[in-house]
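> If you scroll down you'll find the structure; I have some questions about it.
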Amino acid sequence: GMPDVAEFRQFPGRPRWTKTQLTFRLLNYTPDLPRQVVDEAIQMAFKVWSDVTPLTFSRVPNGPADIIIQFSSRTHGDQSPFDGPSGVLAHAYAPGNGIGGDAHFDEDERWTNNRAGFNLFLVAAHEFGHSLGLDHSQDQRALMFPNYRFMETRNFRLPEDDVNGIQSIYG
């Protein structure tokens, strides 16, 4: 039906990527999961957004990339150190050059591919929403709601508020 009120928000200044073919690079892996499982979670998380926009995401093995993904703990070279177990799980930067679009995951969390610990696919899909220009949503059912909660990942469907949000930026 009709959405009542749009709860999604864009970042101030509405930063967006001006190209549709985006690249990503994994700088490192979490020891919590096999590499193949990490790769699949990241690819599925990008697919959540490419399925509802004109955007494509391709992986590059090295060199520059639009979205650089890393696992780190505490101080890790930006102005936002992580805080140890729980608390902040990850953060990502709005579209732009340099650190823009990059996504950092707190290695002090327990990353999983199920409902235990923190589900890497769900957190990555949320962070990539930020990488594409979406801020947090006030809709509690939205992927972009600020608080983590487990949602069924098999046959995952992006909630309506998130679809409306990303399509307001990329059509």
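Every residue gets a Cβ built from N, Cα and C, even glycine.
These numbers come from a predicted model, not from an experiment.
Taken from TrEMBL, the feature domain 'Peptidase metallopeptidase' applies to 13-171. The Ca(2+) 1 binding site annotation in TrEMBL covers D32, E109. Under the heading Ca(2+) 2 binding site, TrEMBL lists D66, G100, D102. According to TrEMBL, the Zn(2+) 1 binding site annotation covers H76, D78, H91, H104. Residues or ranges marked as Ca(2+) 3 binding site by TrEMBL: D83, G84, S86, D106, E109. According to TrEMBL, the feature Zn(2+) 2 binding site maps to H126, H130, H136, M144. The annotation active site is assigned in TrEMBL to E127.
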> Excluding H126, H130, H136, M144, please set out which residues of the same chain place their CB within 8 Å of the center of the CB atoms of the Zn(2+) 2 site, keeping sequence order.
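Going along the sequence, the neighbours come out as E127, G129, L134, D135, S137, L143, F145, P146.
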> I'd like to confirm something. Which of the recorded positions, H76, G84, D106, E127, H136, has a Cα closest to the Cα of G100 (Ca(2+) 2 binding site)?
E127
> Hey, how far is M144 (Zn(2+) 2 binding site) from G84 (Ca(2+) 3 binding site), Cα to Cα, in Å?
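It is 22 Å, counting Cα to Cα.
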> Sort the binding-site residues D32, H76, E109, H130 by C-alpha distance from G84 (Ca(2+) 3 binding site) and give me just the closest.
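Nearest listed residue in space: E109.
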> Go through the binding-site residues D32, D66, E109 and tell me which ones have a CA within 10 A of the CA of H91 (Zn(2+) 1 binding site).
none
> If you measure E127 (active site) to D66 (Ca(2+) 2 binding site) at Cα, how many Å is it?
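Each residue's Cα considered, E127 (active site) and D66 (Ca(2+) 2 binding site) end up 14 Å apart.
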> Tell me the Cβ contacts of D102 (Ca(2+) 2 binding site) under 8 Å, same chain only and six or more apart in sequence, or just say none.
I67, I68, I69, Q70, A92, Y93, S131
> Rounded to the nearest Å, what's the C-alpha distance separating E109 (Ca(2+) 1 binding site) and S86 (Ca(2+) 3 binding site)? Just drop the number here, would you?
6
> Which one is closest to H126 (Zn(2+) 2 binding site) in space, judged by CA to CA distance, out of the binding-site residues D32, H76, D78, D83, D106?
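In terms of Cα distance, H126 (Zn(2+) 2 binding site) lies closest to D106.
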> Of the binding-site residues D78, H104, H130, which sits closest to D32 (Ca(2+) 1 binding site) by Cα distance?
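Out of the listed candidates, the nearest Cα belongs to H104.
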> Looking at the binding-site residues D66, H76, D78, H136, which has the shortest Cα distance to D106 (Ca(2+) 3 binding site)?
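Looking at Cα distances from D106 (Ca(2+) 3 binding site), the smallest one goes to H76.
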> Determine which residues of this chain, when D66, G100, D102 are set aside, have a Cβ within 8 Å of the centroid of the Ca(2+) 2 site's Cβ atoms, and list them as they appear in the sequence.
A65, I67, I68, Y93, P95, G96, N97, G98, I99, G101, S131
